[in-house]
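Working notes, beginning with the structure itself.
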Amino acid sequence: MANTILFLRIIISISFFTIAFAFDPSPLQDFCVADLTSPARSNGLPCKDPSTVQANDFFFSGLHIPGNTTNPYGAAVTPVNVIQVPGLNTLGLSLARLDLAPNGFIPPHHHHRATEILTVLEGSLEVGFITSNPNYKHFNKVLQKGDVFAVPIGLLHYQRGVGNANTVVIAAVNSQNPGIITVPNGVFGAKPGIDAEYLSRAFQLDRKVVEQLQANLKMATNVLLLSIIALSFCYIGFAFEPSPLQDFCVADPTSSARVNGQACKNPALVGANDFFFSGLHLPGNTSNPNGSRVTPVSVAQLPGLNTLGISLVRIDYAPSGINPLHTHPRATEILTVIEGSLEVGFITSNPDNKFITKTLWKGDVFVFPIGLIHFQRNVGTKNAVAIAALSSQNPGVIGIANAVFGSKPDISSDILAKAFQMDKSIVQQIQAKF
Ligand SMILES: *[C@@H]1O[C@H](CO)[C@@H](O)[C@H](O)[C@H]1NC(C)=O
Ligand SMILES: *[C@@H]1O[C@H](CO)[C@@H](O)[C@H](O)[C@H]1NC(C)=O
Ligand SMILES: *[C@@H]1O[C@H](CO)[C@@H](O)[C@H](O)[C@H]1NC(C)=O
């Protein structure tokens, strides 16, 4: 009971902390791979010499390995952000693997620079978030394998393992460095401490209780959060997608209003299911010429994503299946291999057109910078599965072959023959195929 009251008071206090939110800055070049050794200080991290950039700068391995949940929280966070993948610098996207033992929990916290979209790979997860002052409405839901849930930028939220087995989650966030403010630690663990008298008034608690809380939270060797807090050493943000002007703007597909994105549903009618999608554990049908299938979870499937600048897809690949060359005009992509083995690659822009490619295995993560042409191909003997998060509610896809040779009406074959320096009859043959 006392704990519940304390929790509620902590929640109320959050209005002190949530002020200005924004997304990461738009990139000014193909990529700016972080140079972790440079003494220069910038918003984000300084860039490495582009001529030394390699596929490994966009790569992380080991996300299939469970985190160690033997700690007071019964939880572990394995971050994959700009520190682990320097290629994420300036791209506005990162992810983490969460492991929760039965009853393990991630304490109430918020990411001041990011919306979060999480997918349950194993087990059962209770997730909840609380809207801002003055309503403090609490949305919560129990998720099972294959379920997806979105937590709007800056809102206080928590996760808890509620099954009797371990729970595994992949959580993507639309910042290279989302930041984390854990409310109990922020309030009672501040260094130097916030005046106990002030806190006892703010929380209407006995001063002795406050002092006890401060002592506990300053001492706590916070295994779970150390790795993340250590990363919060720079950065403010701005703008891939327009920053939200309110807690959320759940898409109303029935509205006839035309706006950038979609019109908002009446907030009084919003429920946890607006932030929810289920079925991402189900394989897509790969019986098609690509030998692959993309199952999207963007604003059309999950209306709560409207204005939040993030979404994800599941991709299934039959052996030798490809996700052919394409670009996302509005998003960077961060892809995790869940099963199988993929060859992936992207091509930098003019004049270098450098081809950056790598073979990925289960647990590997790879980044495709916004707008660059890229592909994936199953190079294993079994089916492959990936979960890819994208830094847009509606990233868009431009299939290169489809756009060039399959436009409606056709681009004149003269133009294409000159552009590709090939015979016009060959161009016409290709056009006939698309
Ligand atoms: C997990 O962490 C605990 C506590 O730090 C430690 O005693 C244990 O050896 C670790 N287990 C593994 C498998 O690393
Ligand atoms: C997969 O798609 C193919 C081609 O459209 C169809 O014939 C087949 O029945 C589908 N398989 C399943 C399991 O839905
Ligand atoms: C194959 O991939 C291209 C490029 O992404 C896409 O435009 C096309 O719809 C895909 N075909 C099928 C059958 O999924």
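In case you wondered, yes, glycine gets a Cβ from its N, Cα and C as well.
Predicted automatically and left uncurated, TrEMBL annotations should be read as such.
On a predicted model such as this, the values are computed, not experimentally measured, just so you know.
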For TrEMBL, the entry transmembrane segment belongs, out of 6-23, 384-401, to 6-23
In TrEMBL, Mn(2+) binding by His326, His328, Glu333 extends, among His281, His374, to His374
Correct disulfide partner for Cys249 among Cys234, Cys264, by TrEMBL, is Cys264
Running the recorded positions Cys249, Cys264, Asn323, His328 through a 10 angstrom C-alpha radius around His374 (Mn(2+) binding site) leaves Asn323, His328
Taking only the CA atoms, the spacing between Cys249 (disulfide bond) and His326 (Mn(2+) binding site), expressed in whole angstrom, is 30
Apart from the site residues Asn323, His328, Glu333, the 8 Å Cβ neighbourhood of the oxalate centroid comprises Val313, His326, Thr327, Ala331, Leu335, Phe368, His374, Ala388, Leu390, Pro395, Val397
Rounded to a whole number of Å, the separation of the Cα atoms of Glu333 (oxalate binding site) and Cys264 (disulfide bond) comes to 26
